[in-house]
Amino acid sequence: MSTFRQEDVEDHYEMGEELGSGQFAIVRKCQQKGTGMEYAAKFIKKRRLPSSRRGVSREEIEREVSILREIRHPNIITLHDVFENKTDVVLILELVSGGELFDFLAEKESLTEDEATQFLKQILDGVHYLHSKRIAHFDLKPENIMLLDKHAASPRIKLIDFGIAHRIEAGSEFKNIFGTPEFVAPEIVNYEPLGLEADMWSIGVITYILLSGASPFLGETKQETLTNISAVNYDFDEEYFSSTSELAKDFIRRLLVKDPKRRMTIAQSLEHSWIKVRRREDGARKPERRRLRAARLREYSLKSHSSMPRNTSYASFERFSRVLEDVAAAEQGLRELQRGRRQCRERVCALRAAAEQREARCRDGSAGLGRDLRRLRTELGRTEALRTRAQEEARAALLGAGGLKRRLCRLENRYDALAAQVAAEVQFVRDLVRALEQERLQAECGVR
């Protein structure tokens, strides 16, 4: 963000007469206190709210100041200082007091092509410097081509008003609708990408007017003018160009080309034979024709200043440009929506592909699970069979155990019976033995 001096400009400069005004700017002559140096103070009305159409936005002011601070060329106005207050940004600029070039030429009794090219060469030099820095002026027109001092032997051209100038960045697309309808290029009218080539078209229009005093595309209405520009509807009327050289016409033809890429560049224009050749055979031209051309230029200059208030056409065109800016913003929003839609579609496709891959993996997993399940079922069947067999064997074993138990009980009963019988027999034997013993004893006693 550019920083401007937050001081009262009138503490440093004494303000004088008004030199000119536009839709949102007033230019006043001023004198620096202490040095007595004279400058031009351009008061630019700031836009208070982003949504407002009144005033100039901060971004636009900073862009103009940034460009003016960067450029230093004999044929371009110089920025001296910048102040800011609550309502305005004030540019302290070089004082260009010689008036407009066309007014100066209109005052001349006659005008030769050589004189015209001398001034045009200065315009081309200034534009060449701008284009070397990738800066497009975008508002080249007679009232922005001034003389530093019209009383000098060789008056110096000064290009002024960089309010809509832009840096043309490589790789970035820039579109806008601005400028003065009579001088704008077809790509501006048709809202197409803009570049340095737009300035070259304006130079072609300026040259046409300079040599004829007529405007090539000017219609009865602004819409007719814009239609003529878009269709490149112009010709070299014999009434205006009877004394104009073919080289001059060729120079104009190479500039008034609809396709910007086929239009002559600033470097090519400086190398054009009409600009390079300084001396011409003026004897072949009739002096009265040259006087007539100067008179027509005078008529054009008077008409351009008196037919309507200054910058009215620009104001209307700017309002139209605001509408197109809104349309452009809507188109940009639509493009963003379409881009978002494409991104959503791409995401849906990616999600669908991921889902299909997951489904395929699930199918593969399901097939594996099916195989495992079948294997488990087989194993389970085998286990069930083994369990059934084991149960049957257990039942058989239990049944066998019950039989054995019953046999054991019977054996135990038989054992008990035999034991009782044996015990009785043993007792009998014991009794028998005892009886026999007694008998033996009695027998022995009897013997004695």
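One-based numbering along the chain as shown.
Cβ coordinates are placed from backbone N, Cα and C, and glycine is handled just like the others.
In sequence order, Asp161, Gly163, Ile164, Ala165, Phe178, Gly179, Thr180, Phe183, Ser202 make up the list of same-chain residues 6 or more apart from Asp139 (active site, proton acceptor) whose Cβ falls under 8 Å from its Cβ. The annotation active site, proton acceptor is assigned in Swiss-Prot to Asp139 on the grounds of sequence analysis.
If you draw a 10 Å sphere around the CB of Ala25 (ATP binding site), it holds 19 other CB atoms from the protein chains shown. In the three-state DSSP assignment, the secondary structure recorded for Ala25 (ATP binding site) is strand. What Swiss-Prot lists as ATP binding site is Leu19, Gly20, Ser21, Gly22, Gln23, Phe24, Ala25, Ile26, Val27, Lys42.
The phosphothreonine annotation in Swiss-Prot covers Thr180 (among others) and is backed by similarity to another entry.
According to Swiss-Prot, the feature phosphothreonine maps to Thr225 (among others), an assignment based on similarity to another entry. The secondary structure of Thr225 (phosphothreonine), as reduced to three states from DSSP, is helical. The Cβ of Thr225 (phosphothreonine) has Pro181, Glu182, Phe217, Leu218, Gly219 as same-chain neighbours under 8 Å, each 6 or more residues away in sequence.
The feature phosphothreonine is assigned by Swiss-Prot to Thr265 (among others), with experimental evidence given as support. Cβ neighbours within 10 Å of Thr265 (phosphothreonine), excluding its own Cβ and spanning all shown chains: 17.
Taken from Swiss-Prot, the feature phosphothreonine covers Thr265 (among others), and the record attributes it to similarity to another entry.
Summarising the annotation, Swiss-Prot assigns phosphoserine to Ser304 (among others).
Residues or ranges marked as phosphoserine in Swiss-Prot: Ser306 (among others).
The phosphoserine feature in Swiss-Prot is assigned to Ser307 (among others); the stated evidence is similarity to another entry.
Under the heading phosphoserine, Swiss-Prot lists Ser313 (among others).
Taken from Swiss-Prot, the feature phosphoserine applies to Ser321 (among others).
With a cut-off of 8 Å between Cβ atoms, the residues of this chain six or more beyond the region 'Activation segment' (161-204) that come close are 22, 25, 56, 60, 63-64, 67-68, 120, 123-124, 127, 130-131, 133-141, 144, 215, 217-218, 222, 225-226, 229-230, 232, 252, 254-258, 260-261, 263-266, 269, 313-314, 317-318, 320-321, 324-325, 328. Positions annotated as region 'Activation segment' by Swiss-Prot: 161-204.
Taken from Swiss-Prot, the feature region 'Interaction with CDC5L' applies to 390-448, supported by similarity to another entry.
Note on the region 'Leucine-zipper' (422-436): its mean pLDDT in the predicted model is 85. Here Swiss-Prot flags 422-436 as region 'Leucine-zipper'.
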- For Thr180 (phosphothreonine), list the number of other Cβ atoms lying within 10 Å of its Cβ atom. 22
- Query: Within 8 Å of the centroid of the Cβ atoms of Leu19, Gly20, Ser21, Gly22, Gln23, Phe24, Ala25, Ile26, Val27, Lys42, which other residues of that chain place their own Cβ, given that this set defines the recorded ATP site?
  - Reply: Phe43, Ile44
- Note on the structure: Sequence-ordered list of residues in the chain of Val27 (ATP binding site) that lie 6 or more positions away and have a Cβ within less than 8 Å of its Cβ, or none, is Glu18, Leu19, Gly20, Ser21, Ala40, Ala41, Lys42, Phe43
- Query: Including all protein chains shown, what's the count of other C-beta atoms within 10 A of the C-beta of Leu19 (ATP binding site)?
  - Reply: 16
- Task: Take the Cβ of Ser21 (ATP binding site) and count every other Cβ within 10 Å, whichever protein chain it belongs to.
- Result: 14
